[in-house]
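Right, one structure below, let's go through it.
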Amino acid sequence: MTNIRKTHPLLKIINHSLIDLPTPSNISAWWNFGSLLGLCPNNQILTGLFLAMHYTSDTLTAFSSVTHICRDVNYGWLIRYLHANGASMFFVCLYIHVGRGIYYGSYTYLETWNIGIILLFAVMATAFMGYVLPWGQMSFWGATVITNLLSAIPYIGTTLVEWIWGGFSVDKATLTRFFAFHFILPFIIAALVMVHLLFLHETGSNNPSGIPSDSDKIPFHPYYTIKDTLGFLALILLLLLLVLFSPDLLGDPDNYTPANLLNTPPHIKPEWYFLFAYAILRSIPNKLGGVLALVMSILVLAIIPLLHTSKQRSMMFRPISQVLFWVLVADLLTLTWIGGQPVEHPFITIGQVASILYFSIILILMPLASLIENKILKW
């Protein structure tokens with residue numbers, strides 16, 4: 001008799017996605033981050049749901065409702081910090097996942113890659129709106145500064161900003177709508193993840209060599225379910241260490257001060273996972289130019305497949321490209337550091353050099369390196 005998992009309409013989908021899925025036998029630990037990105041939103045939705053039960057999206061009570069969650073709700077502090085630090089873990093996994101895609105040439109699966117970029121934008125938007133909800137100083141001023149960037153759009157900019165605010169400044173209407181969007185977006189993200197996986201399973205997974213592995217496939221279960229479980233345990237351990245020992249390590253102390261529109265913090269900065277883009281924004285003295293650079297810092301990912309000039313898919317056997325890739329990683333870490341520094345010498349210059357290097361590596365140096373490597377292959 002045929003196993004029910006192969007005949008039942010619903011179980012059949014799960015079976016083809018998680019159990020009998022033919023998977024390359026040589027995929028490394030870098031492929032674990034895909035499954036970890038399935039775990040992270042589940043944690044966020046679950047903890048977020050419990051937080052939403054106690055949170056009030058009103059400018060007068062938002063800050064005190066978060067305080068109430070931490071002080072009076074049973075394990076409220078744990079739920080809150082799991083949610084906040086869970087977002088940090090989410091972005092760590094996201095950035096490594098994207099980096100792995102660039103390194104091993106996974107961007108040649110165009111549909112999967114493009115849905116991934118849309119997912120990245122959606123997650124960034126969700127995280128930004130979530131940061132506004134506690135209504136601390138950095139929440140308020142972060143929301144004011146970032147939404148104000150839209151005013152750089154010619155003709156419709158100012159109208160657009162006031163439309164998003166629901167008034168003439170960031171106020172009650174803004175907070176309410178941000179809460180509504182922050183609640184609904186994770187479910188839209190979950191739907192997009194399904195589409196992402198649908199396109200991935202059309203082609204099958206890439207592997208470190210970048211060579212088609214149809215002749216060497218193994219079932220996903222038990223091999224990769226066990227491997228992914230190890231990844232889950234490592235991520236949960238890291239998250240719990242962060243939450244239980246230093247929950248405020250990645251936060252901003254200014255956000256423990258209630259929002260005050262009469263008092264601007266000395267250094268307005270977003271959460272650490274946006275600092276690289278924030279540094280690129282600040283490195284351009286022109287407002288519209290800065291906004292375009294900010295958007296392009298992520299949108300440049302969509303151009304990468306068009307600039308693939310190498311005869312090989314993966315960087316596994318391309319030493320020049322490998323060096324450039326790790327320089328790019330170091331550059332992003334430098335930008336992250338600069339984004340958290342005040343706008344003064346020498347940070348301005350370092351930020352500008354790092355921003356130019358970021359775009360140069362992706363748009364000019366990597367395609368050139370690939371062409372040189374193609375020539376070397378003929379020698």
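Just so you know, glycine gets a Cβ as well, placed from its N, Cα and C.
Pulled from Swiss-Prot, these are the features on record:
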type	residues	note
TRANSMEM	33-53	transmembrane segment
TRANSMEM	77-98	transmembrane segment
BINDING	His83, His182	heme b b562 binding site
BINDING	His97, His196	heme b b566 binding site
TRANSMEM	113-133	transmembrane segment
TRANSMEM	178-198	transmembrane segment
BINDING	His201	ubiquinone binding site
TRANSMEM	226-246	transmembrane segment
TRANSMEM	288-308	transmembrane segment
TRANSMEM	320-340	transmembrane segment
TRANSMEM	347-367	transmembrane segment
Nearest-integer angstrom distance between the alpha carbons (Cα) of His83 (heme b b562 binding site) and His97 (heme b b566 binding site): 21
Using Cα positions only, nearest of the binding-site residues to His182 (heme b b562 binding site) (His97, His196, His201): His196
Outside the transmembrane segment (347-367), six or more residues from its ends: residues with CB under 8 Å to it: 279-280, 282-284, 293, 296-297, 300, 303-304, 307-309, 321, 324-325, 327-328, 331-332, 334-335, 338-339, 341
Intrachain neighbours beyond the transmembrane segment (226-246), with Cβ under 8 angstroms and 6 or more residues off its ends: 29, 32-33, 35-36, 39-40, 43, 78, 81-82, 85-86, 88-89, 93
Euclidean distance between Cα atoms of His201 (ubiquinone binding site) and His97 (heme b b566 binding site), Å: 17
Ranked first among 33-53, 77-98, 113-133, 178-198, 320-340 for CB pairs under 8 angstroms with the transmembrane segment (288-308): 113-133
Winner by Cβ pairs under 8 Å against the transmembrane segment (77-98), considering only 33-53, 113-133, 178-198: 33-53
Cβ-Cβ distance under 8 Å to His201 (ubiquinone binding site), same chain, at least six residues away: His16, Ser17, Leu21
Cβ neighbour count within 10 Å of His97 (heme b b566 binding site): 20
For His196 (heme b b566 binding site): intrachain residues, at least 6 apart, with Cβ closer than 8 Å: Thr112, Ile115, Gly116, Leu119
